[in-house]
Amino acid sequence: MKQDATRNAAYTVDCEDYVHVVEFNPFESGDSGNLIAYGGSNYVVVGMCTFQEEETDIEGIQYKTLRTFHHGVRVDGIAWSPETKLDSLPPVIKFCTSAADLKIRLFTSDLQDKNEYKVLEGHSDFINDLVFHPKEGQELASVSDDHTCRIWNLEGKQTAHFLLHSPGMSVCWHPEETFKLMVAEKNGTIRFYDLMAQQAILSLQSEQTPLMSAHWCLKNTFKVGAVAGNDWIIWDITRSSYPQETRPVHMDRAHLFRWSAISENLFATTGYPGKMASQFQIHHLGHSQPVLIGSVAVGSGLSWHRTLPLCAVGGDHKLLFWVTEI
C-alpha cells in the first residue's frame with residue numbers, strides 16, 4: 001500500500017504579518033543556532049532558531065527575534081552575506097533585499113546601535129532574485145524582468161552588466177569557483193557566465209516554459225534543477241544541455257525550486273497559490289513520487305536549513321517548517 005506523503009508542518013512560528021519571503025542564512029555564522037530572515041509588507045525580521053533535531057534539550061523549535069528592520073515597502077527577496085558573524089565583537093548582521101519599488105537595499109547591523117542601509121538603484125523592472133559573492137561577500141548579483149543580470153559592489157556601483165533575452169528569474173554563484181555565475185531566464189535558457197572574461201561559457205535548455213526558478217546544486221555543481229510550467233527539471237551539465245529528468249508536479253504551475261544544502265538528491269518545489277492551497281513538495285531523485293507534500297493556504301518563499309533536511313516556507317502570519325529524512 002502506498003504511504004500517504006501529506007504532512008502538516010512539523011513546527012510553526014507566529015509572525016505579525018503575511019510572510020512574502022524567508023531565507024535561512026546559508027553560511028556559517030559562528031553560533032550554534034540558525035539565523036533566519038523573513039520579509040513582510042514593510043519590514044524584515046532577523047531571528048534565531050534552533051530545532052530539537054540539533055539540540056536534544058529543546059522541544060520542537062526555539063525561536064527568538066533578534067531585530068526588526070523597517071523597510072517601508074513590500075520585501076520580495078532576501079540574500080544573506082557571508083560577512084554575517086555572530087561570534088565577532090560586535091556581531092555583524094549583513095543581508096540585502098529586493099523590493100517592489102525596484103530597489104536593492106543593503107542592510108548592516110551590530111544588533112545594537114549601528115543599523116545602516118544603502119540603496120542600490122539601476123533595475124527598471126521587477127527584481128526576481130539576488131545573491132552575494134559566497135566567499136568574501138564584496139559583490140552581489142541580481143536579475144530582473146528588465147532582461148539584465150547586474151553585478152554590484154557594496155558601494156552600490158555596477159561592476160558588470162549582462163543583457164538577457166528574456167526576464168532573469170534566478171541567479172546563483174558557484175560556491176568554490178567564484179568567477180562562475182549561473183543565470184536562469186524565463187524563456188527556459190540557463191547560462192553560465194565567466195565573470196573574469198564577462199561572457200557566457202555554457203548554456204542549458206528547458207523544453208518547458210515559462211521557467212520560474214532554477215538552482216545550482218551546491219553539493220554537486222554538475223547538477224542544476226529548475227521548475228518550468230508544471231514540471232521540475234534536472235540537468236547534469238557533464239552529459240547534455242538538455243534535461244536528464246523531468247516530472248510534472250504542480251497542477252497550478254510550479255513556482256520555486258531549491259536544492260537541499262546537505263544532499264545532491266534532495267530538493268523542494270512549491271506551486272502557485274491556485275484554486276487549492278499552495279502546495280509544497282520535497283522530492284528525492286531515487287523516488288518517483290514526492291517524499292513529502294505540505295499544504296499552505298498562501299505560501300511564499302522557500303529555504304533549506306544549512307545542516308538539516310528541514311525546509312521553511314512563509315505563510316499567512318506564520319513561518320512553517322517541514323522535516324524529512326535524507
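Cβ coordinates come from backbone N, Cα and C, glycine included.
Per Swiss-Prot, the feature repeat 'WD 1' maps to 70-117. The repeat 'WD 2' annotation in Swiss-Prot covers 122-162. Summarising the annotation, Swiss-Prot assigns repeat 'WD 3' to 164-203. Per Swiss-Prot, the feature repeat 'WD 4' maps to 294-325.
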Long-range Cβ contacts under 8 Å made by the repeat 'WD 3' (164-203), restricted to residues 6 or more beyond its ends, are 125, 128-135, 141-149, 151, 209-216, 218, 221, 224, 226, 228, 235, 237, 241
Which residues of the same chain, at least 6 past either end of the repeat 'WD 4' (294-325), have a Cβ under 8 Å from a Cβ in it? 6-28, 34, 36, 38, 51, 53-54, 61, 256, 258-263, 266, 268-270, 273, 276-282
